[in-house]
Amino acid sequence: GAALASGGSPLLQPAFERPCWPGNCGPGRGPWQRRQANAPPGVADNWEEYVILPYIFWGFVDDTRKEAFREAAKMWHQNTCIVPIEESIPTDMHHHIWVGVYQENSCWLSGLGYGRSWINLGWCNDMSRLGNMVHEIGHALGMKHEQQRSDAQATYHGHGPHLRMKWANIDPDWRSQFLPDHTSYIGSAYDGPGDPHSGHAEYDFVSIMHYPAGTHFDTIPSYWEPKTGQRSQLSVGDITQALDQYQCVRKEGRALAAEPGLFVGGACSLQSELNGYWSQQGTTRSGAPYFKSLQGKYMFYEPDCGGGALAASWIINSNAPSTTAESDLDGDGTCVIYAFLKSSTADLPVGTKRWYMWCNAWVYVDLTLSLTAGASTTATATSTMKTTTTARITTTTKASTTTATTTTVTTTATTTTTTKTTTTMATTTTTMT
């Protein structure tokens, strides 16, 4: 049954009204309790407090697995106040994560949240399974599978559904990984100044905690199907959930990540994955900085998109720009984009500007760009501007299996996801990746 903070029914009292730390706005045993004010060695001093997640490699674990797991742990502390700490001897036998190879043909966690947990690194055996290890650490922190949210498969207090289940295709031994769990995180109550999130949390199709679509369910809308189930990186939603559950309060003036970058906000729901942190990758030939999102999208200044098809603009698309080309920086011969902002300067358009974005139709959206420490705003070289604005451009918008055409700009929304299916089934105490 649901373990809501006030003991109410999940059908009557929204789960997103539960308080987070020191309460529990998620499932399982709640957040880990060990906190300290000082940043652990090697960790950026960005947070008011740090949550320590102690783990030990138990039994024989080869160096390749250890290296990959340490990188997975690093991904969490680079984005949140949660710091997985490797210990040689457990400081607390009852509140510890035991990382080992208990079954070669599976990868799972037993336990959920604060307490004693086991992570099996069976086929999670090298860097190619980094995302699966990040996923299992998420379970250890107290995160359930995204598809188990109350609003995933049905309407819940005005939200959802987001999935259309295919129960006939799901092995009975795997049904527990898909059944709704009304204790799952779905947002939270306001927890005071510095609260990273309050209210209902938007459903996160690109969460690293989500299973892939297709065989077991369809996404609503279908646009999200190829994006669901990714194991490449933490999504903005994953990071926000962890920050909220653990009430990670940032020190004044500290950026989300150590590297230069920017935050984007205001994208429409269809393009919501454009919201969040973008890391600065370098500069193009014009001297303008270019950025990459957590979901692998790129933002850069295009002096001459597709050889004359679009006025000089800042654009967002799926391809990394050339750092040497003078025009058509992504080399596709056209303008395949999610959004653009016409600009006569290569300087980054910081602040709130009216971008043209594909949101099931081309509409103007007020997009806000906010810099983190160290990000570049001004181009270091003079670029050649293109001022033609009347060129007619054929548009094809690709959203999963649905194609729409207009006469403005070409947009393609496709993402490749890499998933892994285990060959063993979950037990009642085990959460599979």
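Even glycines carry a Cβ here, placed using N, Cα and C.
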Q) Same Zn(2+) site as HIS135, HIS139 according to TrEMBL: which of HIS145, HIS157? A) HIS145
Q) Tell me, by DSSP, whether HIS135 (Zn(2+) binding site) is helix, strand or coil? A) helix
Q: Take the Cβ of HIS135 (Zn(2+) binding site) and count every other Cβ within 10 Å, whichever protein chain it belongs to.
A: 27
Q | Neighbour tally for HIS145 (Zn(2+) binding site), based on other Cβ positions within 10 Å of its Cβ | A | 23
